[in-house]
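Straight from TrEMBL, the features:
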type     : residues : note
DOMAIN   : 13-135   : domain 'Thioredoxin'
DOMAIN   : 568-691  : domain 'Thioredoxin'
COILED   : 714-804  : coiled coil
COMPBIAS : 819-829  : compositional bias 'Basic and acidic residues'
REGION   : 819-872  : region 'Disordered'
COMPBIAS : 850-872  : compositional bias 'Basic and acidic residues'
Amino acid sequence: LTFSCSRAKDVTMPAKLPVSFFSARSPVVDLFRGQLDYAEQLRQGSEIVLYFFYAPWCGQSIAAREEIERVASRLSDQVLFVAINCWWNQGKCRKQKHFFYFPVIHLYHRSFGPIEYKGPMSAVYIEKFVRRVMTPLLYISSRSKLLDFLSNYEPGVVGYFEFNASPQPPGYLTFFTSALHSLKKDSLGPIRFGVITDRRVAQELALERSGSVYLHRHANTSLIYPKDIMNYTAENICKWALENREMLIRWLRPHGGKSLLLNNELKKGPALLIFIPYNPLEEIHPLLDEITKVALEYHKCNKSQAAEPDLQHLGDTDSPAFDSSVPDAHVEVSEPLSISTYPCCNTVVLPQWHSISRTHNVCELCVNQTLGVKPNKVHVPHCNFLEIEAALDSFYLQEHTFFQVISNTIECSNFLSFYSPFSYYTACCRTVNRHFLSFISSEKTIFQTPKVAFSSHGKKDNTQFSIPHIEDRNCFIPDLNISSMNITGLSCRTNKTLNLYLLDSNLFWIYAERLGASRSTHLKEFAAIVDMKEEVHYVLDQNQSLVGPTLENFIKNFSVLYSPLKRHLVDDPSARFPEQRVITEVTTHTFQEAVFSSGKNVLLLYYAQWCGFCASLNHIFIQLARLLPPDNFTVARIDVTRNDLPWEFMTDRLPTILFFPHQRKEQSVKFPEDFSVNLPNLLKFILHHSSLSASEPCTKECRHKESVLQQGHISHLEREIQKLRSEISALHQAHDQLEAQLSEARREEQRLQQQKHTLEKQHKTLQLHSEQLQATYDQKNQELLEMAEKLQELADASENLLKENALLRILVASREGKLQSRDELKESLQSEQTLSEDNDISPSAATAMLEERRTDNTDTIETEHSSGNRTE
């Protein structure tokens with residue numbers, strides 16, 4: 001027996017027919033079945049065409065649909081908008097096009113294209129790009145327009161063509177096409193193309209021959225297209241412009257997906273990221289113009305000074321301390337100091353003496369060179385980098401002598417160099433209140449500080465403790481040398497050149513928040529410097545307005561050798577308000593307080609959310625926290641993926657356990673990696689390292705040092721308490737003033753309320769009067785209408801009377817005629833009788849004549865009666 005088996009056929013459900021993606025009232029032509037051939041037919045009859053390729057299921061396509069409709073509603077009379085469903089498998093678009101993402105926007109300028117748009121799917125950006133494709137060349141008709149064109153931060157290419165000989169001079173279409181090629185190759189950072197037709201305007205750029213092409217550059221020499229070397233084609237002009245353009249400021253527009261855009265740009269070096277709200281359709285951008293001006297000055301190397309810029313002086317008079325022949329002499333000056341004559345100086349901001357202190361000691365460190373036994377200054381045109389670095393190293397070694405006591409007078413100390421007997425260093429320091437350390441501080445404000453003696457290098461130090469050197473960002477003092485540094489050409493005079501980038505805060509504010517911008521701010525302006533090589537970034541204080549001088553100071557403070565900017569550390573916002581837990585959650589902002597200032601032994605666990613082994617240790621640390629006394633021990637953890645840590649506490653392995661013993665927090669101990677992490681090992685580790693302080697007996701000298709240290713702390717705290725009391729009294733005075741102002745404001749409010757009630761009453765009265773006037777007006781209007789009707793009736797009656805009067809006149813005239821005829825008849829009869837008597841006429845004839853006349857009279861009377869009846 002033979003069995004034949006056949007496999008069952010696969011049963012597939014056909015895809016549903018696509019439906020319209022855009023509404024029927026939309027100005028966009030929706031080819032939802034992917035009719036690419038019909039789209040090509042539509043394109044043949046239009047000058048500018050936009051293709052919107054979409055997939056109906058794509059979220060980005062759905063979101064961009066409304067933006068496309070907005071642009072189409074504004075430009076539908078000039079541009080043909082065609083939407084094509086490129087996902088339906090039966091459509092020609094799906095068969096011929098192979099897109100890796102949706103949506104895709106292509107533009108065509110007549111036969112040129114496609115020009116793909118790769119910018120943000122926002123209506124204003126799409127419209128701006130469409131308008132650039134519509135008019136790729138800007139007509140420059142005057143010198144003022146030429147200056148506006150060249151002052152723009154975007155690269156500019158200018159072509160000169162004479163339109164006198166023919167409608168299209170030679171090379172014009174090539175130049176026009178090169179502008180379209182520029183948009184096609186780089187739609188995000190396009191080059192602006194302009195055309196000049198006036199010879200006088202072209203002479204401003206030294207363009208003499210028609211067809212010349214000029215590339216304008218701000219920081220470098222501008223170029224003219226070399227026709228004798230390169231063929232005059234659209235591709236060559238576009239390639240030449242793209243290769244030789246300068247990008248002082250570049251826009252970054254991440255598309256939202258996986259991209260290496262930011263990584264590739266930040267790898268180039270330190271970057272200044274500026275977030276500003278930007279509308280590309282607006283013609284005036286004051287903030288962008290101000291940023292552009294700063295960028296032009298920063299990159300203007302050909303006009304920078306030959307030597308380093310003059311240093312900022314702290315006053316107007318020179319100090320004699322710099323002419324001292326004794327290097328170790330300590331001189332105190334009562335007048336403001338001026339060190340503008342010294343070419344090699346650097347400003348140093350010393351740390352706070354105590355964490356609660358509000359003051360800093362600011363020192364101006366200068367290198368003085370002498371020859372022979374008697375010091376004589378030798379002026380040098382340049383500042384040696386090695387010299388200033390050696391001076392700073394020597395200064396930091398003697399740093400503890402400059403921050404112990406507060407002084408409001410400038411004191412200078414000279415100390416010899418370790419490398420040369422003919423040079424010494426001068427450090428002039430004074431105390432500055434931290435409250436006034438800002439960009440807007442003035443000279444008079446800065447120098448209003450308490451008068452206390454200040455220790456010099458020549459005196460012996462009485463304290464043994466040391467404070468690590470830190471740079472505080474609040475040292476932005478306009479009276480120091482940083483503010484006097486000229487920003488012109490600074491990019492060529494420093495090893496920390498910044499690349500400037502702009503981002504639209506309306507679209508990419510999430511990046512600013514990740515860098516440290518406030519989430520609650522209404523004004524979305526933010527600036528940050530990111531240095532990937534040093535793994536740090538600095539944030540411009542958002543309390544300061546983002547203007548040109550602020551950016552200049554931000555750039556200058558970053559560019560100095562020892563930058564006074566404070567590194568910004570990102571913390572976990574979810575743990576900013578800690579709950580009552582067994583294990584303390586530490587963030588960047590609470591690290592100092594929870595670990596160093598707690599006064600307890602701290603066991604800190606470094607973990608990450610993705611670390612599975614870290615999560616398995618939670619129950620061990622919970623048990624450990626319950627066993628240890630909370631008054632002496634703290635068990636904490638920190639998420640290293642959400643919080644930035646100082647470099648000395650960073651780790652490359654998770655989990656990592658550090659123990660910070662009490663009174664020796666700087667001597668942290670790492671849990672051995674070869675030990676298993678369990679409760680007994682952790683307890684042994686903690687008890688071993690926390691018992692060292694008890695096993696070491698304190699000597700008499702140690703007790704003396706501790707007493708001196710405690711006495712110093714007590715005196716310092718007393719001074720701080722006195723300052724706080726004065727501040728409290730000042731606050732009370734301000735509170736009283738505010739209360740007085742509030743009471744005055746309340747009285748003013750009551751007065752305004754009374755005025756408001758009075759005005760309301762007057763308004764009601766006027767409104768009632770208005771209603772009465774309106775009623776009177778309506779009544780009078782009705783009476784006028786009635787009188788008009790009566791007058792019309794009188795006019796009609798008078799017209800009828802006139803007609804009757806005319807008829808009566810006619811009737812009276814006819815009656816008079818009849819009466820006259822009667823009289824004549826009587827006279828004739830009398831005359832006939834007389835004649836008959838005379839001539840003896842026969843009676844019969846006379847009787848006949850009389851009857852005839854009576855008949856005539858009777859007819860006349862009847863006619864008159866009938867006329868009278870008709871008249872009535």
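Backbone N, Cα and C define each Cβ position, glycine as well.
From a predicted model like this one, the values you see are computed outputs, not experimental measurements.
Secondary structure of the compositional bias 'Basic and acidic residues' (819-829), assigned with DSSP and counted as helix (H, G, I), strand (E, B) and coil, comes to 11 helix, 0 strand, 0 coil.
Counting residues per DSSP class in helix, strand and coil order gives 39 helix, 24 strand, 61 coil for the domain 'Thioredoxin' (568-691).
For the domain 'Thioredoxin' (13-135), the DSSP counts in helix, strand and coil order read 43 helix, 28 strand, 52 coil. Over the domain 'Thioredoxin' (13-135) the predicted model carries a mean pLDDT of 91.
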